[in-house]
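Visitor: Checked TrEMBL, it gives:
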SIGNAL    A:1-28  signal peptide
TRANSMEM  A:55-77  transmembrane segment
TRANSMEM  A:98-115  transmembrane segment
TRANSMEM  A:121-140  transmembrane segment
TRANSMEM  A:152-170  transmembrane segment
TRANSMEM  A:182-202  transmembrane segment
């Protein structure tokens, strides 16, 4: 564990806590894409099956359990909670997220490190995570006056990805035989998707304005 | 470690 990896994990944890805070305390999910949240639940469910097959560390297991629990909890709130579900921008959140799942699965069947059940699902989760933010970015663009919590949520998600890239660079130079092409390329694609958002986020922060993405 | 099996990252 290096400082970049830890910073990445903490950003990820913090982004989810922000989202849970908004949903649980303010009882609103305005501006949050259910499509993206469903994709994350699928990402974690397919990646963390190794909870049952191997042990890495207590930290690792607890984090995986938190990500699984929180992603399904958020989806539950947005779909079924009496108050929260009414604040969901259903008409704006129109991204056809099912169309992301099949291509990612086919790609995982074709490009993977080992053709085993767990390995293909793990690879699928990497490809899917890379594009899972797309419905959220589209929704942000459609929402005039993005509220602060939603903006910060996406910012910390993007920060998590950026720290992971620094972590990979650090590990490449400090560990022997550390290379993971599939993880790196999907991670780079994922981080690149945030570039545009970051630009407008920093701009609105510097001008102390509310975040507004161009239509 | 070959990079294939060690999935210590989240």
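Yeah, the Cβs are placed from backbone N, Cα and C, and that goes for glycine too.
The shown structure was predicted, so the numbers you read here are calculated from the model rather than taken from an experiment.
Where in this structure would I find these features, and how exposed are they?
Guide: Here the signal peptide (A:1-28) has Cβ contacts under 8 Å with residues 59, 63, 66-67, 70-71, 73-74, 77-78, 81, 83-84, 87, 149-150, 152-157, 159-164, 166-167, 170-171, 174 of the same chain, all six or more residues outside its ends.
Long-range Cβ contacts of the transmembrane segment (A:55-77) within its own chain (Cβ-Cβ under 8 Å, at least 6 residues beyond either end) map to 1, 9, 12-13, 16, 19-20, 23-24, 29, 34, 37-38, 40-41, 43-45, 48, 84-85.
Remote same-chain residues near the transmembrane segment (A:98-115) are listed as 39, 42, 121, 123-124, 127-128, 131-132, 134, 182 (criterion: CB distance under 8 Å, separation of at least six residues from the stretch ends).
Residues 31-33, 35-36, 39-40, 42-44, 46-47, 49-50, 89, 92-93, 95, 97, 100-101, 104-105, 107-108, 111-113, 146, 150-151, 154, 157, 182-183, 186-187, 189-190, 193-194, 196-197, 213 of the same chain, all 6+ positions outside the transmembrane segment (A:121-140), place their C-beta atoms under 8 angstroms from a C-beta of that stretch.
Beyond the ends of the transmembrane segment (A:152-170), by six or more residues, the same chain brings 2, 4-5, 7-9, 11-12, 14-15, 18-19, 22, 32, 133, 136-137, 140, 180, 183-184, 187-188, 190-191, 194, 197-198, 201 to within a C-beta distance below 8 angstroms of the stretch.
Nonlocal intrachain contacts for the transmembrane segment (A:182-202), taken as residues 6+ away from its ends with a CB within less than 8 angstroms of a stretch CB, comprise 111-113, 123, 126-127, 129-131, 133-134, 137, 140, 151, 154-155, 157-158, 161-162, 164-165, 168, 211-214.
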